[in-house]
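Enquirer: One structure is given below, represented as structure tokens, and several questions about it will come after.
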Amino acid sequence: MSSGTELLWPGAALLVLLGVAASLCVRCSRPGAKRSEKIYQQRSLREDQQSFTGSRTYSLVGQAWPGPLADMAPTRKDKLLQFYPSLEDPASSRYQNFSKGSRHGSEEAYIDPIAMEYYNWGRFSKPPEDDDANSYENVLICKQKTTETGAQQEGIGGLCRGDLSLSLALKTGPTSGLCPSASPEEDEESEDYQNSASIHQWRESRKVMGQLQREASPGPVGSPDEEDGEPDYVNGEVAATEA
């Protein structure tokens, strides 16, 4: 008996503890349910109030407009004519600057919303056709003339001479004030360009330099330099060693 009583006491204690825990859980769960019920009730009340105010405003908006309805007929007709001008006059233009309305001060002229430059863009963008637009201008700065006065010769010679040709001419001897003489082929080639004066200067300076180099170091007899008159390369050192 003693062993049975010892086992009953712990079992009873466990049952008591379980009952206390269950009662506490029940008490704790009841306030949460009450709070949720209260919140739901408050929400339902608010929704009912909003629906009531909405129906009330709708009823206010839906009230009839006071006043006679006979005066509204001409204004409606004017509005229809304003938005649909073809109802009264089928021959009228579709686009108008001012609506007809009461027909006071109507404007029937149509203004194109797109500027005329848009249509004429291709015509304005094309340059005027000119056959000689891509050709070179043959500007003749100086020409050799035999019937010129002394003042004209000095002026033309100043244009045709350069600093290099002037210094070389002082070394070799006096030169004429006219433009340097050239062959007809050279004149034709130089007249095709605008810088014909600079071409003449370069050719004359090249001739003078060739003459000075030939005088300083004469080559052997019958050399191609003497035949051409304008050597491309002059080997002065080699000619001096051979002599």
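Backbone N, Cα and C atoms are what each Cβ position is placed from, and that goes for glycine too.
Computed from a predicted structure; not experimentally measured.
Sequence annotations record features per position, and here Swiss-Prot assigns S-palmitoyl cysteine to Cys25, Cys28. As annotated by Swiss-Prot, phosphoserine applies to Ser44, Ser59, Ser92. As annotated by Swiss-Prot, phosphotyrosine applies to Tyr58, Tyr136, Tyr193, Tyr233. As annotated by Swiss-Prot, region 'Disordered' applies to 174-243. What Swiss-Prot records for 1-5 is topological domain 'Extracellular'.
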Enquirer: Work out how many Å separate Cys28 (S-palmitoyl cysteine) and Ser44 (phosphoserine) at their Cα atoms, rounded off.
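Expert: Given the Cα positions, Cys28 (S-palmitoyl cysteine) is 26 Å from Ser44 (phosphoserine).
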Enquirer: Would you mind reading off the Cα separation of Ser44 (phosphoserine) from Cys25 (S-palmitoyl cysteine), to the nearest angstrom?
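Expert: A Cα-Cα distance of 29 Å.
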Enquirer: Around the C-beta of Cys28 (S-palmitoyl cysteine), how many further C-beta atoms are within 10 angstroms, looking at every protein chain?
Expert: 9
Enquirer: Within 10 angstroms of the C-beta of Ser44 (phosphoserine), what count of other C-beta atoms is obtained when all protein chains are considered?
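Expert: For Ser44 (phosphoserine), the 10 Å Cβ neighbour count is 10.
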